[in-house]
Amino acid sequence: MAEYNAIVTEATVEGDDDGPLAGKTVAVKDNITTEGIRTTCGSAMLEEYVPPYSATVVDRLTEAGATIVGKANMDEFGMGGTTETSAWGPTKNPMDPERVPGGSSGGSAAAVAAGEADLALGSDTGGSVRNPAAFCGVVGIKPTYGLVSRYGLVAYANSLEQIGPLASTVEDAAALLDAIAGPDENDATTRSEGADSDYASAADGDVDELTVGVPTELVKGADDEVAEVFEAALVDLESRGVETVEVSLPSVEHAVQAYYVIAMSEASSNLARFDGVRYGVDGGEGNWNESFARAREEGFGAEVKRRVLLGTYALSAGYHDKYYKKAQDARAWVKRDFDEALDEADVLATPTMPVLPPKRGESLDDPLSLYLMDANTVPVNLADLPAISVPAGEAEGLPVGMQFVGPKFGEETIIRAASAVEE
Amino acid sequence: MTDTSDAGDAVDPAEVHHVAELVRVDLTDEEAASFAEQFTDVLSYFEALDEVPEVEDEPDLVNVMRTDEVREGLDQEEALANAPESEGGYFKGPRVS
């Protein structure tokens, strides 16, 4: 199990005897609360934290018959794109152990790719399910905002994040989404659309007469070897009755900046709860401010400090209008662009990641280059839309993911499109 | 902190220390120095947001209300189980001043 450092806490929670996921094993990302099982968010801050309750999605997994096999490694508090910021060490990519598995749900994707679990749950704030799915050659879905309950997900950036499934096939990922989707009285942002879903049966590969929009801005930024695999997959789809059209999303040039300003701002507020009093690292003697500051110095890693500080900076007096307010304008612009593009096409297609999985240690020292890797995934979170990453082929022996983005609650359409790619 | 007109300039370690104090994170001088350099890069990248036009956003927000009824929650023992220190059924924190 330890071969790839995909699972950080092994545990067995048996599911109910029957149900649609009976006999399936699931790895749960370590920022999703599990009653009686250590939940660390990849952080030294929560090394000893054992939650007294479970997330709604965890209850739904076991009710559907799935067996939980452990907690999956992740970038600390979901902050990173490579699973190298975990306090428990990096996860290796089972496709090439010298390379990163992507992040922040890298442990979840690696557990599925290595066969350590049939299925996995991750969370996606700016691409954290789709990015590792692409880098590890598995399927990952970021649901429409509000489709899946966030009750029991340790919050990083509430307005952007959704829990999402990872699996080896589109149909399995869709079946896992069926199990967790739907309203929850413990999360007032959930909607009724997923209540009686049957996404799994949408994975039928029937894409005849489907219109796929290709946003030029998100294809031109991809490395050549990634773009080649993507173009070949499009040609294959055309041979199966898909019509492709070019669409334009001028706002995406500003999406990454807007995403990081919003995510860091929300993080600076969310992570204020880690004061070392109710849980977490004990800050020791001194007055409250000194003790609090010491607990956070010891408990948080560099990327978490970086984002909490930058978020506070962006929200502070004199900078709020310059950064946060402008980021909200950009978010509205991105939403409008996607709506217009999805008037012209049923789904949009892009390479999931513009690059092949980098080697470990290559990107960690330069935060800005790491942030730029998310260019194709973060716009979707800003627009609250659903998206899926499906393996589209290989380049240099490494997996390349293709992303489909759908309209709000258009999960069935993106699942159908993705299932045609894997055939 | 400097005023907005200086925001495009380099961030110095003193500014990083000031923000760190606001968010209650102790930083070593080395951390503050390396953050200062990185923040200069990241914030100058964020400057591109200046080009974003004002966009009308009409989110379809609805109030979600429920009756305020007593429901089962964590019991005291469960709530205190992860606290480094507790006393007499309460969290024990450091002194406030």
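The backbone N, Cα and C atoms fix where each Cβ goes, and this holds for glycine too.
Features as listed in TrEMBL:
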type	residues	note
DOMAIN	A:12-414	domain 'Amidase'
ACT_SITE	A:Lys29	active site, charge relay system
REGION	A:79-109	region 'Disordered'
ACT_SITE	A:Ser104	active site, charge relay system
ACT_SITE	A:Ser128	active site, acyl-ester intermediate
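Only residues 6 or more beyond the boundaries of the region 'Disordered' (A:79-109), in the same chain, are considered here, and those with a CB under 8 A from a CB of the stretch are 3-8, 27-30, 40, 42-44, 47, 72-73, 120-125, 127-129, 131-138, 140, 156, 166, 267, 301-304, 307, 353, 357-361, 363-364, 370, 373-374, 397-399. Secondary structure at A:Lys29 (active site, charge relay system), taken from DSSP and collapsed to helix, strand or coil, is strand. Using DSSP to sort the residues of the region 'Disordered' (A:79-109) gives these counts of helix, strand and coil: 4 helix, 3 strand, 24 coil. In the predicted model, the domain 'Amidase' (A:12-414) has a mean pLDDT of 96.
In sequence order, A:Gly42, A:Met74, A:Asp75, A:Gly78, A:Met79, A:Gly80, A:Gly81, A:Thr83, A:Gly122, A:Ser123, A:Thr125, A:Ser128, A:Pro132 are the residues of the chain that are 6 or more apart from A:Ser104 (active site, charge relay system) and have a CB within less than 8 Å of its CB. Sequence-distant contacts of A:Lys29 (active site, charge relay system), defined as residues of its own chain at least six apart whose C-beta falls under 8 angstroms from its C-beta, comprise A:Lys71, A:Ala72, A:Met74, A:Ser105, A:Gly107, A:Ser108, A:Ala120, A:Leu121, A:Gly122, A:Ser123.
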